[in-house]
Amino acid sequence: MSLQMVTVSNNVALIQPGFSLMNFDGQVFFFGQKGWPKRSCPTGVFHFDVKHNHLKLKPVVFSKESCYLPPLRYPATCIFRNSVESEKQQYIIHGGKTPNNELSDKIYVMSVVGKNNKKVTFRCTEKDLVGDVPEARYGHSIDVVYSRGKSMGVLFGGRSYIPSAQRTTEKWNSVADCLPHVFLVDFEFGCSTSYLLPELQDGLSFHVSIARNDTIYILGGHSLASNIRPANLYRIKVDLPLGSPAVNCTVLPGGISVSSAILTQTNSDEFVIVGGYQLENQKRMVCNIISLEDNKIDIREMETPDWTPDIKHSKIWFGSNMGNGTVFLGIPGDNKQATSEAFYFYMLKCAEDDVNEDQKTLTNSQTSTEDPGDSTPFEDSEEFCFSAEACSFDGDDEFDTYNEDDEEDESETGYWITCCPTCDVDINTWVPFYSTELNKPAMIYCSHGDGHWVHAQCMDLAERTLIQLSEGSNKYYCNEHVKIARALQTPKRALPLKKPPLKSLHKKGSGKIITPAKKSFLRRLFD
């Protein structure tokens with residue numbers, strides 16, 4: 001194992017606890033900045049370019065048919081292939097926190113649709129679920145299992161806000177463990193089914209999960225209810241016959257007590273666990289090798305890297321898996337010095353450089369730190385999380401330079417294109433119009449039908465109203481559907497209709513009144 005310090009040449013403030021890294025064919029991409037994307041990078045996704053221990057964040061673009069992808073911290077991510085032998089891969093993203101500390105319950109699918117020597121183009125699609133839909137959460141895991149030629153997503157654990165009926169001003173952001181349900185998600189048909197297994201008693205958060213074929217291993221994690229990190233090891237096996245799936249769980253010996261650890265794969269049957277915490281005020285400095293052979297799992301300690309004094313004495317650390325046996329680590333800087341950096345970063349290589357990149361085993365670990373707002377000051381404290389500011393993307397060469405006025409790149413992102421038919425915003429000359437757009441997306445959600453995104457400028461509303469719509473959970477409609485919103489309002493109370501009196505018929509020569517009923521009777525009588 002080798003540990004090297006990495007210098008971040010631009011936009012270092014974007015790298016905050018809770019980010020994720022995605023590896024597409026050896027290229028690493030950063031996702032999960034703490035603030036909303038700026039105009040300088042509308043997508044909020046960056047190429048994680050490391051050369052000679054120097055890191056540059058270069059913005060990527062999205063295809064025009066992509067949906068909006070908010071920057072999510074602490075989501076669950078995993079690699080998805082149509083089959084174990086398939087070379088084409090996608091990334092599944094579920095849950096996570098938005099910069100407004102709202103939790104997401106959506107599933108996004110990320111794939112590469114174009115690549116050249118200058119940029120990579122992504123497509124992001126949102127997957128709707130029916131059935132037992134998992135509630136919004138973070139700090140959980142999602143994996144993909146393969147059985148009998150079919151695939152299925154497996155979601156477990158995490159934390160969520162307490163129910164709205166129990167939320168008060170003092171406990172508005174209080175979280176609780178999710179129920180220990182195991183969700184099977186069919187990505188093709190969008191069906192989700194929950195299973196309650198007796199072996200799983202706690203909804204663990206920030207655990208480590210490893211998926212191989214039809215089996216998932218879950219170890220470590222943290223339970224808020226008991227405030228412990230149990231040394232449990234679970235094996236969840238999923239069978240996918242033609243009928244209903246079969247899910248069973250087995251408790252195995254030999255687990256480890258750790259939370260917020262980072263998992264990286266070194267070869268087809270071997271993994272390494274790095275980082276994490278063993279107590280609420282103590283980092284776990286020991287690394288472990290995990291071997292999977294013949295449906296058996298073996299966990300043993302390995303020789304630790306030569307940790308620097310800064311790493312040893314820091315109270316928190318965070319990071320993510322870069323793939324190919326490499327881990328990206330960050331620690332807070334020394335705040336005592338006026339010129340110190342907010343964070344220092346390191347790259348830990350757990351395998352040789354000639355690692356086979358075409359690995360059949362799919363791995364997943366949650367984002368590598370516990371929630372700063374809910375952990376103790378000794379863990380990932382919020383005091384170390386600073387707001388990301390807009391920066392330039394100047395580079396030393398042609399490929400590293402990003403120009404904000406490069407309208408070609410911006411017009412292809414797809415973020416500012418999907419809108420109502422009456423949209424009159426020119427995507428090639430888009431500039432922030434409302435001050436709220438400096439820290440929130442320039443699009444807001446119309447609640448009509450299945451919903452769609454609308455440019456804030458097209459709403460023609462006062463900025464104060466836009467802020468209320470963005471912060472509240474009220475249903476609101478764009479100008480195109482404002483008539484629907486008015487129709488849904490409570491109608492005004494209408495006065496009862498006056499019934500006209502029955503017409504009276506007078507018989508000639510008499511003062512008696514003949515009603516219509518009597519007139520009909522007389523006609524039948526004389527006819």
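Counting begins at 1 with the first residue displayed.
Every residue, even glycine, has its Cβ placed from backbone N, Cα and C.
Where the annotation comes from TrEMBL, it is an automatic prediction and has not been curated.
Taken verbatim from TrEMBL:
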| type | residues | note |
| --- | --- | --- |
| REGION | 359-380 | region 'Disordered' |
| COMPBIAS | 361-370 | compositional bias 'Polar residues' |
| COMPBIAS | 371-380 | compositional bias 'Acidic residues' |
| DOMAIN | 414-491 | domain 'Recombination activating protein 2 PHD' |
| BINDING | Cys419, Cys423, His455, Cys458 | Zn(2+) 1 binding site |
| BINDING | Cys446, His452, Cys478, His481 | Zn(2+) 2 binding site |
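Note on proximity: of the binding-site residues Cys446, His452, Cys478, His481, the one nearest Cys423 (Zn(2+) 1 binding site) is Cys478, by Cα distance. Looking only at the domain 'Recombination activating protein 2 PHD' (414-491), the predicted model's pLDDT averages out at 64. Here the Cα atom of Cys446 (Zn(2+) 2 binding site) is found 12 Å from that of Cys458 (Zn(2+) 1 binding site). Using Cα positions, the member of the binding-site residues His452, Cys478, His481 nearest to Cys458 (Zn(2+) 1 binding site) is identified as Cys478.
Within the group of binding-site residues (His452, His455, His481), the Cβ with the highest number of other Cβ atoms inside 10 Å belongs to His455.
Comparing Cβ neighbour counts within 10 Å across the binding-site residues Cys423, Cys478, the minimum falls on Cys423. Ranked by Cβ neighbours within 10 A across all protein chains shown, the binding-site residues Cys446, Cys458 are led by Cys446. Cα of His455 (Zn(2+) 1 binding site) to Cα of His481 (Zn(2+) 2 binding site): a distance of 14 Å.
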